[in-house]
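These come from Swiss-Prot:
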{"type": "BINDING", "residues": "Asp175, Asn177, Asp179, Cys181, Glu186", "note": "Ca(2+) 1 binding site"}
{"type": "CROSSLNK", "residues": "Lys26", "note": "SUMO1 cross-link"}
{"type": "CROSSLNK", "residues": "Lys90", "note": "SUMO1 cross-link"}
{"type": "DOMAIN", "residues": "67-123", "note": "domain 'EF-hand 1'"}
{"type": "DOMAIN", "residues": "126-161", "note": "domain 'EF-hand 2'"}
{"type": "DOMAIN", "residues": "162-197", "note": "domain 'EF-hand 3'"}
{"type": "DOMAIN", "residues": "210-245", "note": "domain 'EF-hand 4'"}
{"type": "MOD_RES", "residues": "Ser60", "note": "phosphoserine"}
{"type": "MOD_RES", "residues": "Ser63", "note": "phosphoserine"}
{"type": "REGION", "residues": "1-22", "note": "region 'Disordered'"}
{"type": "REGION", "residues": "243-256", "note": "region 'Interaction with KCND2'"}
Amino acid sequence: MQRTKEAVKASDGNLLGDPGRIPLSKRESIKWQRPRFTRQALMRCCLIKWILSSAAPQGSDSSDSELELSTVRHQPEGLDQLQAQTKFTKKELQSLYRGFKNECPTGLVDEDTFKLIYSQFFPQGDATTYAHFLFNAFDADGNGAIHFEDFVVGLSILLRGTVHEKLKWAFNLYDINKDGCITKEEMLAIMKSIYDMMGRHTYPILREDAPLEHVERFFQKMDRNQDGVVTIDEFLETCQKDENIMNSMQLFENVI
């Protein structure tokens, strides 16, 4: 039964409430399902917390409604266009932008700022390396800065995207050098960075070789032709057929 509880917790990413409240008769049959993203779930996201903590009180500021700010160096796209590109409502986009411009008046987030955000939310470990990888995943055009558009499009996929969209985004995160495939070295670097960020005071205590074991299991399932790399097709096909992998993918939502 302990294994079942852990599986439920992994599958919902702590977004569906306390698994202990699920009737015993139903726990064994629980399958992975798309999380229901409630307000509480959104508030568990580090980047959402960072932005909303800086958001000014709601008001009639017309600059928010049109996503305009004369002092910024980078002007974001219009509200209607961003709403069409994402799955956020106008009010959600306004709140996100309000916090974004308060924290980043230039309209851009650089990598040092991004690392600082994660160091604040994960003080028990070293979030520097993971923040670096995540920054590169959000920085869609690779120019060394995250625009508001990059920010909300990425969050929209992670929080409200389809399974296919989330998996493609995760593949891009793992594919560090962006050559279209994932190597064991790339996967190991990502896994080590996550373990480093979570710190040594996790429960249960993780062995030092845990990241390597995770990678080896990953490649045994993913690398269908045994050529030492995982392609996007192998990644998508295997993930969507393997419940355990899909469960583990949901854990990303706790460290975004």
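Each residue, glycine too, has its Cβ placed from N, Cα and C.
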If you draw a 10 Å sphere around the Cβ of Asn177 (Ca(2+) 1 binding site), how many other Cβ atoms fall inside it, taking every protein chain shown into account? 11
Alpha-carbon distance [Lys90 (SUMO1 cross-link); Asp179 (Ca(2+) 1 binding site)] in Å: 36
When you tally the Cβ atoms that lie within 10 Å of each candidate's Cβ, which of the binding-site residues (Asp175, Asp179) has the highest tally? Asp175
Mean predicted confidence [pLDDT] for the domain 'EF-hand 3' (162-197): 92
Secondary structure composition of the domain 'EF-hand 3' (162-197) [DSSP: H/G/I, E/B, coil]: 26 helix, 3 strand, 7 coil
Using DSSP, tally how many residues of the domain 'EF-hand 4' (210-245) sit in helix, strand and coil. 26 helix, 3 strand, 7 coil
